[in-house]
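Here is what TrEMBL says about this protein:
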| type | residues | note |
| --- | --- | --- |
| COMPBIAS | 224-239 | compositional bias 'Polar residues' |
| COMPBIAS | 258-269 | compositional bias 'Basic and acidic residues' |
| DOMAIN | 260-335 | domain 'Serine/threonine-protein kinase BSK1-like TPR repeats' |
| REPEAT | 88-120 | repeat 'ANK' |
| REPEAT | 121-153 | repeat 'ANK' |
| REPEAT | 263-296 | repeat 'TPR' |
| REPEAT | 331-364 | repeat 'TPR' |
Amino acid sequence: MAPDVSDALAERQKVHNFLNAARSGNLDIFTKLAAQLDNGKGLAKAVADVKDANDRGAFHFAAREGKTEVCKYLLEELKLDANVKDGDGETPLLHAARQGHTATAKYLLEHGADATIPSDLGSTALHQSAGMGDIELLKFLLSKGVDVDSQSDAGTPLIWAAGHAQKEAVEFLLEHHADDGQKPIQVAALRGNRMAVEVLLPVTSPIDSVSEWTVEGILEYMNPETSKQQEPANSSQEVNVEKDSNLPRQDLAAVTPEAKKKAGEAKSRGDEAFRREDFLLAVDAYTQAIDLDPTDATFLSNRSLCWIRLGQAGQALADAKACRLLRPNWPKACYREGAALRLLQRFDEAANAFYEGVQLEPENKELVNAFREAVEAGKKFYGADQTKS
C-alpha cells in the first residue's frame, strides 16, 4: 500500500477513535487521544477541528451521550465554544436535550450554552425536551426565560409534546401558558397519530366544529375526505374549518418539504451508519429523521432494528408499536414488533405479532419462519418454566 494511502487510513482511524472516546466518556483515554492530535497549533484548536462527515465534533458526541465530564473538560479546560454548530445547525445542547440527558443539558446551560439558538429547522432545546417529555429540563429552560411558544418548522413545543404523545409535557406546557390556539390534537389527528390523539383528548377543550368528540371522531374529522363530506351537512350553520379552526393553515401541512428533505438526509446518514454497524450513530440519525418527519413509519422501523442490534428490547418495542400505529397494515411493522417481543422472551405475544404480519402477507417467508420459531421457542420456554416449578 502506498505510504500516502496508509497514512490517510491511519489518520482516519485516529479521528474515529477520538470521537468514539468522546462518545464513551472515558476521560483518560479521551485526553490521551486528544494530545496525539495536537499538530503544534494548540490542543484546543486541534480538538475543535476534528469532525465527522456531518461536522460533528467531540463536543456534539459527548453531549449526545450524556458524558458530562468530557463536556466539562472541553468547556472548562480547553475553553471550546459551548454553542458550536454541526452540519444541521445543532449545538451540543440540542443533542443532549434530544437524547434526554437532563444533567448534561443543565450543565451546558449553566456554562454558556444559549437555549434560544435553533437548529437549521428552527427547533430549540425546548422543542427537544418537550418531545422527550423531560419535565425537569422544561422547567429549567422556562426558568431561563425561553419562549414557551418558540416556533420551528415542525411547530411549537406544545405541538412537539403532542406529536410524541407526551401527556405530562402537554399538561405542563399548558399550565405555563403555552398557546393552545394551534390545537395540537388537530395536528396529531391530521398526521394519523392515534396515540397522540388519545393522550390529548382528555386535556383538550372540545372543538365546536367536531361533531363527535372521540378519538375516532377527531381522526375522521381531520381526514380531508371526511371533512369534505361533512361540509354540506354543516353548511346551514356556516361552519368553515379554515375560518373557525384556531389552527393556522400552514400548520395543517403536516410536514414541510424542507423538513421532509432534511429527514431524508438524516435517514441516509442512519443507513450509512447501520451498514458500518455503528448502531448508536444510526439511532441518533433516525431520531433526527423522526423529529423532522413524525409521519414516516420507516424511520421508526429502522430505529427499532437498531435498538434490537444494541440489545435494547424495550426501546425497540416502543418504536415498533409506534410504527404500527402509523402503518397498521405494514407487514414489516408487525415483524419489528415480533422481534422486540422475542428479545423480551414474550414469545406468545411475539408469535401473535408475527402471525398478524403473515395474515397481511402470507407469502412472506421471513414472517412465516419467525412465527413458527416464536411458537417453538414459546413451547420450550414455558415448558422449561413448568419443569422448574
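Just so you know, the numbers here start at 1 and follow the chain as drawn.
Backbone N, Cα and C define each Cβ position, glycine as well.
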Long-range environment of the repeat 'ANK' (121-153) - Cβ separation under 8 angstroms, sequence gap at least 6: 88-89, 93-94, 96-100, 102, 105-106, 109, 115, 160-161, 163-164, 166, 168-169, 172-173, 176-179, 256, 258-259, 262, 291-292
Integer mean pLDDT for the domain 'Serine/threonine-protein kinase BSK1-like TPR repeats' (260-335): 91
For the repeat 'ANK' (88-120), residues assigned helix / strand / coil by DSSP: 16 helix, 0 strand, 17 coil
Three-state composition of the compositional bias 'Basic and acidic residues' (258-269), taking helix and strand from DSSP: 12 helix, 0 strand, 0 coil
